[in-house]
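What Swiss-Prot says about this one:
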{"type": "REPEAT", "residues": "103-142", "note": "repeat 'WD 1'"}
{"type": "REPEAT", "residues": "145-184", "note": "repeat 'WD 2'"}
{"type": "REPEAT", "residues": "193-234", "note": "repeat 'WD 3'"}
{"type": "REPEAT", "residues": "236-278", "note": "repeat 'WD 4'"}
{"type": "REPEAT", "residues": "279-318", "note": "repeat 'WD 5'"}
{"type": "REPEAT", "residues": "320-362", "note": "repeat 'WD 6'"}
{"type": "REPEAT", "residues": "365-394", "note": "repeat 'WD 7'"}
Amino acid sequence: MCDQTFLVNVFGSCDKCFKQRALRPVFKKSQQLNYCSTCAEIMATDGLHENETLASLKSEAESLKGKLEEERAKLHDVELHQVAERVEALGQFVMKTRRTLKGHGNKVLCMDWCKDKRRIVSSSQDGKVIVWDSFTTNKEHAVTMPCTWVMACAYAPSGCAIACGGLDNKCSVYPLTFDKNENMAAKKKSVAMHTNYLSACSFTNSDMQILTASGDGTCALWDVESGQLLQSFHGHGADVLCLDLAPSETGNTFVSGGCDKKAMVWDMRSGQCVQAFETHESDVNSVRYYPSGDAFASGSDDATCRLYDLRADREVAIYSKESIIFGASSVDFSLSGRLLFAGYNDYTINVWDVLKGSRVSILFGHENRVSTLRVSPDGTAFCSGSWDHTLRVWA
């Protein structure tokens, strides 16, 4: 559509039909074009038709969306907790803080376990990334990033490298060595580059590829060695806040969540969204696959956690209580999948019975909001990070 049209005629060549005629200067996208009266009318009509087409397409999309929800509702004949009525209730549940990791000078924003079940990497608003020995609480490596708010970090499957990023819009990979005095920053490799902050990153099943999520509304798959973009994933309508790779050796799908209230499942080979779920009422802060890979959980600012069954293509459970009014910032499953651990902005960690939908425990200890939470690879413990500058290992 035109910005504005002046009805002052001049004589010359029309920029559309190239005939010598009386012209009208027309400003389109701040650029002056000279059209004859016939072409100017055609352009105005085309603009109206374009608006009508967009409106009809939007209406058709909403209609199809409604029909899809109707078809889903026909299959929604039973709830998960009804199926689980005959399942035995969980016994007494006790977990305590076994280790407290202190060393960050500001809010802990992200953490990840090494496959060796012992080491932990964490990132913070203080601009530091620290590798910890969770048994001794000693710091093994520390990297100072060029920016604050290091919002994402991940351990490589081999345990020989870490990846991190944040407000620098980049994902950087640092190799780890046995020499603790070696300058890690000198070996830094910038792998991914987004147009907005990096919110999450995760290696695939090898050290050679990494997935990233960003505030620019996209996810991307990168080659670590060359830094080449292998695949980009477009579909979220706002910042992407989290992602999780499907738990299989040939994991070719991942799930992401964002500020558009959506959780989306992607095919890494085609770059296409294969499933989308939009039942949350606020930002989706965290997503985590069920151990079998057939479902995933999400945590949101709407103070609920939800379970989605990928085979049934729908939400099957909501984990919430009237007394919980603060958002869920991070979620993860126990190794068996029976428990769902969820960190909240009210400083607590709630433990949910996945099958029955009931809360089995509430863990206190942090003095500020719980920002990140991950279960160890062997399932014997989990680690939580908080805005109180500490990480806690629970078992």
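Every residue, even glycine, has its Cβ placed from backbone N, Cα and C.
Keep in mind that this is a model prediction, so the values were computed, not measured.
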**Request:** Take the repeat 'WD 7' (365-394) and count its residues per DSSP category (helix H/G/I, strand E/B, coil), listing them in that order.
**Result:** 0 helix, 16 strand, 14 coil
**Prompt:** Apart from its near flanks, which chain residues at least 6 from the ends of the repeat 'WD 6' (320-362) lie with a Cβ under 8 angstroms of it?
**Reply:** 80-81, 83-84, 87, 89-90, 93-95, 282-283, 285-292, 297-305, 307, 368-375, 378-379, 382, 384, 386, 388, 394
**Item:** Confidence summary (mean pLDDT) of the repeat 'WD 7' (365-394)
**Value:** 98
